[in-house]
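Peer 1: Heads up, here are the entries from Swiss-Prot:
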- C100: active site, nucleophile (ACT_SITE)
- C194: active site, cysteine persulfide intermediate (ACT_SITE)
- A8, M9, S10, G11, G12, V13, D14, S15, M35, G124: ATP binding site (BINDING)
- C100-C194: disulfide bond (DISULFID)
- H125: site 'Interaction with tRNA' (SITE)
- Q334: site 'Interaction with tRNA' (SITE)
Amino acid sequence: MRKTVIVAMSGGVDSSVVAYLLKKQGKYDVIGLFMKNWEEQDENGECTATKDFLDVEQIAEQLSIPYYTVSFAKEYKERVFSRFLKEYTNGYTPNPDVLCNREIKFDLLQKKVRELKGDFLATGHYCRGGLDGTGLFRGVDPNKDQSYFLCGTPKEALSNVLFPLGGMYKTEVRQLAIEAGLATATKKDSTGICFIGKRPFKSFLEQFVPNSPGDIVDFDTQKVVGCHEGAHYYTIGQRRGLNVGGMEKPCYVLGKDMQKNVVYIVRGEDHPLLYRKELIAKELNWFVPLQGSITCSAKVRYRSPDEKCSVYPLEDGTVQVVFDIPVKAVTPGQTVAFYQGDVCLGGGVIAVPMIHQL
């Protein structure tokens with residue numbers, strides 16, 4: 001009996017190629033499923049979800065596969081967006097894409113897959129699953145690898161997931177779409193956080209979090225050098241948008257004191273206080289059980305390089321991560337992913353103090 005695979009289709013070229021490849025294999029009954037997570041219009045007054053769904057319809061018709069749509073807009077606001085706002089208000093810099101994968105795509109969407117009697121869920125993520133269906137590996141394209149965004153998803157939620165693009169380069173995917181004549185072959189990739197789109201981040205956030213003006217302080221001199229409209233708008237390592245003039249060197253955000261509503265800056269991109277030798281990570285998820293301390297590498301941001309480190313489990317369920325070489329702009333609230341070679345061991349949320357303890 002043929003197995004049924006549900007393809008999470010976004011209206012983009014990646015998920016279109018996933019559906020095409022699985023249909024071409026001929027061993028699956030392929031069903032497309034479009035997931036809508038956000039109701040509002042973009043900065044031009046257009047509903048991007050509607051445009052994306054029309055592309056899904058077109059691809060499904062090209063491939064002669066059935067397709068459905070499901071809205072998780074209410075659940076997304078409750079389980080992802082509300083936490084995103086809370087974290088920012090408290091001075092952290094969360095990664096909503098990691099949270100969306102855990103709470104929506106590989107939880108609620110998996111339930112919909114079961115409702116549709118699907119045996120597998122397939123997505124357009126550039127990563128690879130383990131042979132037993134419960135591991136996670138980097139995608140072969142180092143520029144597109146998305147295992148970082150899945151490091152917080154429980155391994156059980158990935159046990160039936162197919163990643164057809166994990167062994168491909170983006171250029172190959174795009175070329176295949178062109179050769180197959182897929183309607184989305186030349187469609188631009190989506191960028192940024194889905195609910196923000198192309199809008200400036202600050203103008204979006206101030207719709208939900210009121211401005212709270214305060215001082216910008218030079219940490220070395222403890223002198224006020226500027227003012228800000230809200231400490232929550234700034235993240236560690238940030239350079240742009242500080243509006244601090246008269247400095248010999250570029251200024252960077254060192255940290256924030258949310259109780260005092262102060263943003264601390266330092267001068268120079270190589271200022272030693274911008275670098276941290278260690279961090280504490282919480283809310284951990286492991287694909288490979290942590291049996292005592294380990295040596296591995298870690299990514300503290302999606303586009304950051306791998307940093308060699310040692311990981312030590314602590315009694316409260318968190319871990320201490322000690323880097324071989326100090327790492328720049330370690331940011332509370334961001335995701336840290338752990339690797340040994342191509343194997344993603346797991347990940348967690350960075351929970352270091354806001355201000356360096358000197």
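Along the chain as shown, residues are numbered 1 onward.
Yeah, the Cβs are placed from backbone N, Cα and C, and that goes for glycine too.
So where do these features actually land, and what's packed around them?
Peer 2: Around the Cβ of C100 (active site, nucleophile), 24 further Cβ atoms fall within 10 Å across all displayed protein chains. According to DSSP, C100 (active site, nucleophile) sits within a helical segment.
Counted within 10 Å of its Cβ, the other Cβ atoms near S10 (ATP binding site) come to 21, all protein chains included.
Same-chain residues at least 6 positions away in sequence with a Cβ under 8 Å from that of H125 (site 'Interaction with tRNA') are, in sequence order, G139, Q146, F149, L150, F163, L165, G166. H125 (site 'Interaction with tRNA') falls outside any helix or strand according to DSSP and counts as coil.
According to DSSP, Q334 (site 'Interaction with tRNA') is assigned to coil rather than to any helix or strand. For Q334 (site 'Interaction with tRNA'), other Cβ atoms within 10 Å of its Cβ number 22.
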Peer 1: Give me the Cα-Cα distance between D14 (ATP binding site) and C100 (active site, nucleophile), rounded to a whole Å.
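Peer 2: Between the Cα atoms of D14 (ATP binding site) and C100 (active site, nucleophile), the distance comes to 18 Å.
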Peer 1: For the ATP binding residues given in the record (A8, M9, S10, G11, G12, V13, D14, S15, M35, G124), what is the largest pairwise C-alpha separation in angstrom?
Peer 2: 16
Peer 1: Within its own chain, what residues at least 6 apart in sequence put their Cβ under 8 Å from the Cβ of A8 (ATP binding site), listed in sequence order?
Peer 2: S15, L33, M35, K105, L109, L121, A122, T123, G124
Peer 1: Going by DSSP, is D14 (ATP binding site) part of a helix, a strand, or coil?
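Peer 2: DSSP call for D14 (ATP binding site): helix.
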Peer 1: Could you tally the C-beta atoms, other than its own, that fall within 10 angstroms of the C-beta of M35 (ATP binding site)?
Peer 2: 24
Peer 1: Measuring Cα to Cα, how far is G12 (ATP binding site) from Q334 (site 'Interaction with tRNA') in Å?
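Peer 2: Cα-Cα, rounded: 26 Å.
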